[in-house]
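A short write-up of the structure that comes next.
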Amino acid sequence: MTSNFRHVALIGKYQASSAGAIGESSRQALDGIARFLQHQGCSVAIEVETASNTGLLHYPSLTVEDIGARCDLGLVVGGDGTMLGIGRRLARFGTPLVGINQGRLGFITDIPFDTYQATLPPMLEGDYEEDSRPLIQACVMRAGQVVFEALAMNDVVVNRGATAGMVELRVEVGGRFVANQRADGLIIASPTGSTAYSLSAGGPMLHPSIPGWVLVPIAPHTLSNRPIVLSDATEVAVEVVSGRDVSASFDMQSLASLLHGDRILLSRSAHCVRFLHPQGWNYFATLRKKLRWNDGDP
């Protein structure tokens, strides 16, 4: 078979234990995928941290920047968290990503591990569905200076401390004052993140084709304070008015401690994450499967 993707990078979440050991099954799984790709005519490299943690050093290893510059495809083996992390880092290169699920839900790593040998060959020949997901560009402003910057694919969450009371947050959209919200926190989620923490907090699911965000209060003091869907073409600003131990998290993978008066500015990034799915993939089938809709129906 001649693959449309000649240079493929494998990225996995295979963290070494405190003793430096790693499960043999995890190593074998990644090695098996690499050998399979080689049999499909692909040149295979492994992301450098993945290679180090698995001990798979007989393949070329590449940094994320090298993957973006030199590889036609990234194959992510793990769960949604693994995909979120690498997706943010590769978005600026436009490298397409395919996910093989070894996590739990697998909303964005949607190929089951036990089916990859049947699913991948048609995709490597160009038979796939492409799906672009926008990123949120966020920065924390303090006294007029940027003190923290991050990208998020899922969400930005402003939270109170674990032992603190409610926070008060001033919310502006497009430079217009919306409200001061008293709550345990506030979630600003993309369509991708609308099926994550936002959904658990009572927010709606946004179809990935919708160019919008959803603002979801966490346990608000006022019951009329409900989620609101916004266009992602406008900037959202969230200012910390009061509260102790307030922080902002970005995809739950990076964290910024906040002070009173800090402003979190959010806008749509210029970069998108490119997902490739098996032919016939659709969003509603994913919802049915992952959320177990219609379980028990004949």
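The chain as shown is numbered from 1 upward.
Even glycines carry a Cβ here, placed using N, Cα and C.
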Recorded NAD(+) site member, picked from Ala219, Ala233, Ala270, that accompanies Asp80, Gly81, Asn154, Asp155, Arg182, Asp184, Thr195, Ala196, Tyr197, Ser198, Leu199, Ser200, Gln253 in Swiss-Prot: Ala219
Intrachain C-beta neighbours of Thr195 (NAD(+) binding site), sequence separation six or more, cut-off 8 angstroms: Phe107, Met205, Leu287, Lys290, Leu291
Other CB atoms within 10 A, centred on Tyr197 (NAD(+) binding site): 20
Longest CA-CA distance among Asp80, Gly81, Asn154, Asp155, Arg182, Asp184, Thr195, Ala196, Tyr197, Ser198, Leu199, Ser200, Ala219, Gln253, per record bound to NAD(+), angstrom: 31
Helix, strand or coil at Leu199 (NAD(+) binding site) [DSSP, three-state]: helix
Under 8 Å by Cβ from Leu199 (NAD(+) binding site), same chain, sequence gap 6 or more: Met205
Rounded Cα separation (Å) that holds between Asp80 (active site, proton acceptor) and Asn154 (NAD(+) binding site): 10
